[in-house]
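**Student:** Okay, these came from TrEMBL:
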- 20-39: transmembrane segment (TRANSMEM)
- 51-72: transmembrane segment (TRANSMEM)
- 92-110: transmembrane segment (TRANSMEM)
- 177-196: transmembrane segment (TRANSMEM)
- 202-225: transmembrane segment (TRANSMEM)
- 246-271: transmembrane segment (TRANSMEM)
Amino acid sequence: LFDGVYPFYLQQRKVYVFDVNTIIVIVVFLTFACTFLLIIPGIRGRARLYWTLRVLLSLTVGVVIIAVQFTGDWETGWVKANTSYKSFSHDLVTADIGLHVGLGGVNITLMGNPVNQVNETISYNEHFAWSFDADYDHSYSEGLERGLPSPILYVAEKFTTQSPCSMHRQYRISGHYASATLWVAFCTWLISNMLFSMPVLVYGGYMLLVTGAFMIFSLLSFSTVRNSPMCPIQFGTATLHTGYGGSFWLTLAIGLLCFVAGTIVVALHYFNLDLLKAFFDLHEDEAEEYQEMSEVYVNSHFVNKGL
């Protein structure tokens, strides 16, 4: 307390699902998509549809691989509880408490139900990072100094390095490995696009399979956390339970999509190569090359001399 008054706290410092990095990634890929849509009218025939499907599918895979690195909903959970609001105070509030775990940290949300209680607006959303360039314990200490609400500090304390729960080490290591695996998947995605443009179609299909495999590996890395015993997060009789969030399921869906697309490309290469070349618009190029090679100019002077 400062002269009998609670410390002033600026609310809603960070959105728990989308932050600035995620928005930048989405805007960049949307710019690529809009640029392609401007040039798509110049492509004739069915090739226009094939080009649209290939480009939009490729951009979707790329934006998901990068965007989920910065989202905060790989694992989420909510609980409605009647709990104390501030330290050294007996006031109880009814609030919805949310936990949102990402690859680089956690977001803890406290929303009053109703929002206005004990003469305050209860709407908090606090981010605690554990990336390589961040100190989680230092962020937690700053939260203590600012006088954050007790429910937020209670949940955040579970993830500190000094906590007997060891949740910080489990989530931090699994998050780092999942992030590194996704960056490898992004590299293989770039290589697959290069191979499709060369074109070396079957090898591009193989790299799509590798991209899907690394995305699945990232999910397996993050899932190892749930195999360890978790400390209960209780507010009286209510318990906060977490489950896989939107980013986890989106990564799984795109990984399976890469598997399906890569399998189709490889299968068509061995069983119906003409259809595969038609989808990648290669028949017209081969016909033009054949037509150019068939036009041979012969000097009649040398022919008449028998040379």
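Using the three backbone atoms N, Cα and C, a Cβ is placed for every residue, glycine included.
Not measured: the values here are computed from a predicted model.
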**Student:** With the transmembrane segment (51-72) as the reference, find which of 20-39, 177-196, 202-225, 246-271 contributes the most Cβ pairs under 8 Å.
**Tutor:** 20-39
**Student:** What else in the chain is close to the transmembrane segment (177-196), if you only count residues 6 or more beyond its ends and a Cβ gap under 8 Å?
**Tutor:** 54, 58, 61-62, 65-66, 68-69, 103-104, 203-205, 207-208, 210-211, 214-215, 217-219, 221-222, 251, 280
**Student:** Restricting to the same chain and to residues at least six past its boundaries, which positions have a Cβ under 8 Å from a Cβ of the transmembrane segment (20-39)?
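**Tutor:** Tertiary neighbours of the transmembrane segment (20-39) are 55-56, 59, 62-63, 66-67, 69-71.
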